[in-house]
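This report concerns only the one structure given below.
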């Protein structure tokens, strides 16, 4: 990335090390900003301090803004409502999610069969939005010692033509067996919302991401899924194709290197890592020491401790 | 493999195509037979037709016999009792299992901390046999919408120094999260009993193997386990080291190419596939067409539809 008037050394550039003029020049290099949500704009149910003000100030400057999240448990409609509740100025068609991408993928393939979901309600909701039928979500069920009988008696719906795997709180052996049985038929599509490893919820404690579920199914079915979320460009490909996003004039802001920053690399966006979520500057340093050239794709162009650090560089609304 | 007096074409040799003399000559080429259990000797709770007679007749000829199974849910003691109930003449020290191998691995490392088990009681029993303490097995528990709180409140035992993953009927998100939290500490060992994909229980229906569980944990922990069972030679390495088994005089009999036959290849044994379990001659043909040379290691030397087909070639006990 080039910022007029300043020389950037190889590797990540710390935005806070630049002066107001340079940041101002940099801000002119893009028209669109794609924000990851959790870890950038909010954490759980709370907005990250100063994030709504910064987000809204960037919009007020005329920047086009999108939210792009790998969350699949919640529909785009509910995600938008959440963002609005937390004071982000955003509309539903400015929200992209991995379950919305999955539904769009099937719609584009003119898929007309049913979907078995191992994941959250968000997938079912998004499928419904595009007129695709899914089986009711299986509730978690204890299997105990009766596993063999349970599995023998699994009823498979012959109308199912795709299995969708996302983060599933009720993930268990019975569901895994069911998904495995459906995927024995090579004509049944295998789709994943995303492959995130895990999400921290407290120091040393984290929730497994859908990547763990997908890996289990992959090992069982002996085939890889089409993964619709970040870092697959598919999640924003429709906007690129329609010319809504110009890659060379777009900034991707994220907290996770292997999803957000890799997506930015894959799409040819500028990339900015914020330190309020999954990854830190130390993680970037590890990538820089890596001997695997592919890992360099996850090195961001720029770094900010938190999104609201940008506020002081932005024109005040009264100007 | 060379059988005196006959020429074997490249690839698998069908034993039933040989005459009695050739089979007799072949029988003289080994002193030890290692049998896989499920799919070779029994299926579920029932002996495979004629298998006990054949097994016992080979022993009566003076062949040394072992059972070597990737089953981890049951202790070696119970496996031996089951085999004896089904009329196989076998002693406990002639049974090898993946959970016994796991316990032996930790014993050899002089491991003196506790083990968290995601798997069956067999692992706990085998660890107890070698004096290693494990935490009580977690019972499957529904998490529902409280996942974040559950995970935040997971209590980790600081005495845990290893995680053991095997086939776990009660596999769920909470267990997966717990295992993930333990494995965040790089000093905590990550062990797997085995990586079998799945087990058929009815046409089109199968139980996920521990491989699915291991893949989920591997994706979450971002590291690979030491897998103790077949095809890792570790499962029978003690017998090789002690000279109890001479590789060049040993035959491995199995129904699964990627575990049994690969183990035989890894150890330098002769290998015999029987068609009463996971894999068929068609699967062997697929391997022969493979473009991945590593896959050729799973091609057996010999094939028999079922173990008892060997009976007619064996000397009767009255001779």
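Placed from the backbone N, Cα and C atoms, the Cβ positions cover glycine too.
Bear in mind that TrEMBL entries carry predicted annotations, made automatically and left uncurated.
Annotated Mg(2+) binding in TrEMBL involves B:36, B:38 plus, out of the candidates B:172, B:185, B:196, B:255, the residue B:255. Counted within 10 Å of its Cβ, the other Cβ atoms near residue B:38 (Mg(2+) binding site) come to 18, all protein chains included. A straight line from the CA of residue B:38 (Mg(2+) binding site) to the CA of residue B:230 (substrate binding site) spans 13 Å. All protein chains shown were included, and the count of other CB atoms within 10 Å of the CB of residue B:230 (substrate binding site) stands at 32. Close to the recorded Mg(2+) site, the chain also has B:37, B:39, B:40, B:41, B:69, B:254, B:256, B:260, B:277, B:278: residues not among B:36, B:38, B:255 whose Cβ is within 8 Å of the site's Cβ mean position. The two recorded residues, residue B:230 (substrate binding site) and residue B:255 (Mg(2+) binding site), show a Cα separation of 12 Å.
Taking a C-beta cut-off of under 8 Å and a sequence gap of six or more, residue B:255 (Mg(2+) binding site) has these contacts in its own chain: B:36, B:38, B:39, B:40, B:273, B:274, B:275, B:276, B:277, B:278, B:279.
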